[in-house]
Amino acid sequence: MLRTHSFLSTWTQKRSMKWLGILGLVALSECLVIVPLTKMKTMRETLREKNLLTNFLLENNDDRSQNVAHDSKLSLHPLRNYLDLAYVGNITIGTPPQQFKVVFDTGSGDLWVPSTYCYSRPCHTHNVFNPHVSTTFRLSGLPVDLTYGSGRMVGFLGYDTVRIGKLVDVVQPFALSQSQFGLEHAPFDGILGLGYRSLAIQGTYPVFDNLKRRGLISQAVFAFYLSTQKENGSMVMLGGVDHRYHKGKLQWIPVSRPHYWQITMNRITMNGVVFGCLHGCQAILDTGTSLVLGPSRLVTAIQMLISASPVGHEYAVSCSYVARLPTMVFSINGNDYPLPPQAYIRKNLQGQCLSSFAGGTENVSSSETWILGDVFLRLYFSVYDRENQGWRLAPAV
């Protein structure tokens, strides 16, 4: 049994560390690096415009995790469906710099881009890295296989200088693709993972880890602001927080498992009724997911509750009915985070009003797990604090 003074001392130390972390975020706001993000047309929208969406979904509906060997060079991300991602930022790799549009993805740990060694169709429609013209490139040669719900990248590891804004990260490991599948119409060239090192293939250090290890940022903190209206205006902040982009106090949420950015959620309600997370559950905040994902049985119940009907591979509601739909409320660490219907219903280019809920998390977790993607993040400014192992959330401006 803990003695009372030991308990109070430990509690006081934890509280002090938390407040020091918050004060550090304030101080660092003067020296952070901000990378602008551009909202692009999504891969789903492009495929639908070209009348290719149905065939794409049929061709990519197989369970790839059953078709590939499980070994150390393989990384499976079955729920990482990049069809609806829209926010991309620019980085450069190599000397002289070669520019790429990447998704800054909190749900993965690797940096990868197409290369001149890739002859797949997706590589013909994107910027490719040429290692032969970079004077700072070093070959690792270790194989890489990244399999997603909507695509796959096979290649090898190399090292080179990566520039993100004014940050210059030398000898950064990254993957160069030799073949890509299902990513031909993606609005991005590659992925820059901001997840934990345990997510990185071959045990390499992710970009953000190296920025901190090499003293390029003062504190292991980054933040996202995703604009709701404009094509421009979104951003990822590295090394600190610009507090102009949130309202009210940033609320602390401890990470429950330092692998994904994963936390414990208390409950999910609609119309005051608890329908999900009845006895507590897990949630992952994920910039590499555009929708809100959950267990299929609960998501089906949500679709019924909001009167959504199947339309192809999605669910649609009457646009005239949106204002009367209930607000979904996520209760996390003692605070409520509402998600109104205007946020979880999106209108596509054809004028259909589509539900932003999707199932499937039971395929990757035996316990109830929800993934809160861009639908949620457009409403809430999110801070990812590695040093104190937690999130901070506040309403976005």
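The backbone N, Cα and C atoms fix where each Cβ goes, glycine too.
Feature annotation from TrEMBL assigns transmembrane segment to 20-38.
Sequence annotations record features per position, and here TrEMBL assigns domain 'Peptidase A1' to 87-394.
The number of other CB atoms found within 10 A of the CB of ASP105 (active site), across every protein chain shown, is 25. Taken from TrEMBL, the feature active site applies to ASP105 (among others).
According to TrEMBL, the feature disulfide bond maps to CYS118-CYS123 (among others). DSSP classifies CYS123 (disulfide bond) as helix under the three-state reduction. The 10 Å shell around the Cβ of CYS123 (disulfide bond) contains 23 further Cβ atoms across the protein chains shown.
Annotation comment: TrEMBL describes CYS277-CYS281 (among others) as disulfide bond. Neighbours of CYS277 (disulfide bond), defined as other CB atoms within 10 A of its CB across all chains, total 23.
The feature active site is assigned by TrEMBL to ASP286 (among others). In the shown protein chains, 25 other C-beta atoms lie within 10 A of the C-beta of ASP286 (active site).
What TrEMBL records for CYS319-CYS353 (among others) is disulfide bond. CYS353 (disulfide bond) carries a strand DSSP state (E or B). Its Cβ taken as reference, CYS353 (disulfide bond) is surrounded by 19 other Cβ atoms within 10 Å in the chains shown.
Note on proximity: among ASP105, CYS123, ASP286, the recorded positions of the record, the Cα nearest CYS277 (disulfide bond) is that of ASP286. Remark: of the disulfide-bonded residues CYS118, CYS281, CYS319, the most isolated position is CYS319 (fewest other Cβ atoms within 10 Å of its Cβ). Between the alpha carbons (Cα) of CYS319 (disulfide bond) and ASP286 (active site) lies a span of roughly 27 Å. A distance of 28 Å separates the Cα atom of ASP286 (active site) from that of CYS118 (disulfide bond).
Rounded to the nearest whole angstrom, the C-alpha distance between CYS123 (disulfide bond) and ASP105 (active site) is 20.
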